[in-house]
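Look at TrEMBL and you will find A:7-29, A:70-93, A:105-129, A:149-167 tagged as transmembrane segment.
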Amino acid sequence: MIILTLFLEFCKTGLFAIGGGLATLPFLAELTEKYNWFTTGQLADMVAISESTPGAIGINMSTYAGYHAAGILGGVAATLALTFPSIVIIIIVARMLEKFNENKYVVSVFGVLRPVVVGLIAAAGYQIFKVSIIHVDAFIQNKSLGTLFDIKAGLLFLVLFAAIMKFQKHPIIYIGIGAVAGILLQM
Amino acid sequence: MRVVWELYAAFFRIGLMTFGGGYAMLPMLQSEIVEKRGWATEEEVLNYFAVGQCTPGIIAVNTATFVGYKQKRIIGGVLATLGVITPSIIIILVIAGILDRYAENVWVAHAFAGVRVAVCALVLSSIIKLWKSGVKNTAGILLFLAAFVLVAFVELSSVWIVIGAIALGILLQIRQNKRSGKQEEKEGDSSI
């Protein structure tokens, strides 16, 4: 039963995640609220591992998320489900139009969709931010500012962000630095 | 039949050697598909990428389906796609199995707390990059803010936001068509 639910949810993700890369993130973030498959914190771990291993990020994240929900079979089902709508759509598009991406309606839809997708990814990023650096939920519970800001995490974030913007190296390097810093700072 | 398995094998290699997907796949596609096998021209690969970006799903998958379909129709499209996702499935399942076993370990927990911070920084830098290419004017900023607020604070599903954006894009184009239609009529009238 859970496999069927997984399959349908990841078909939905495959159908609505447009633009590649992190476009699957908002849909996976939504799943954390709807089911007990994985937490937002685990979602952040999945981003890290998906960026540090071969393969497309969206595919890697789906395999990982499916595995967390329902083991190996779940990982396979989620990944196949994610690709299913794409295969059908691409085969239709390949058959129908050569100049799909020059169609006036497609161009117009993408003019709207592009900034909207950035907004969706930002909203998913904000959710991960909330569990990793500022602990909004804990703050609401005990109203102490000390719990709102994790000073170590905040500083590490600023240093890493500055380094990413300056050096533009492969994500795996910053993920490695994050792991070492986490151990050294006892985060 | 041989071509079909070759499609699977070639895309398996591409999936295995690509870190990050999307445009990171381009160099591997050029060597495996264009240069080694001549399954597509350089230009065709770029076209597949462009269409892959305007259709749902992962760009790597969309491109694999395109190349496979062109060679061997539906069976080719399906096997090329399975090829590109197989390495991910194997690698991620192995890593997930190992990591979950050590999730309770204190050192692993500390490491992942640090990794999550790095992920926040990486996601923010991706958003900035996407912002530069996708948010170009006031309308773009408003659309970005609307999507962000509706999902982060109103907790509307991203599915509705995407459907809404597609509908808005179509409506804008219909309005544009009507306008240019009227203009042509006027121009026609004055010329008579």
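Residue positions begin at 1 at the first shown residue.
The backbone N, Cα and C atoms fix where each Cβ goes, and this holds for glycine too.
Here the transmembrane segment (A:105-129) has Cβ contacts under 8 Å with residues 18-19, 22-23, 25-26, 28-29, 32, 40, 43-44, 47 of the same chain, all six or more residues outside its ends. Distant neighbours of the transmembrane segment (A:7-29): 35, 40, 43, 46-47, 56-58, 61-62, 65-66, 77-86, 113-114, 117, 120-121, 123-125, 127-128; these residues of the same chain sit at least 6 beyond its ends, with a Cβ under 8 Å from one of its Cβ atoms.
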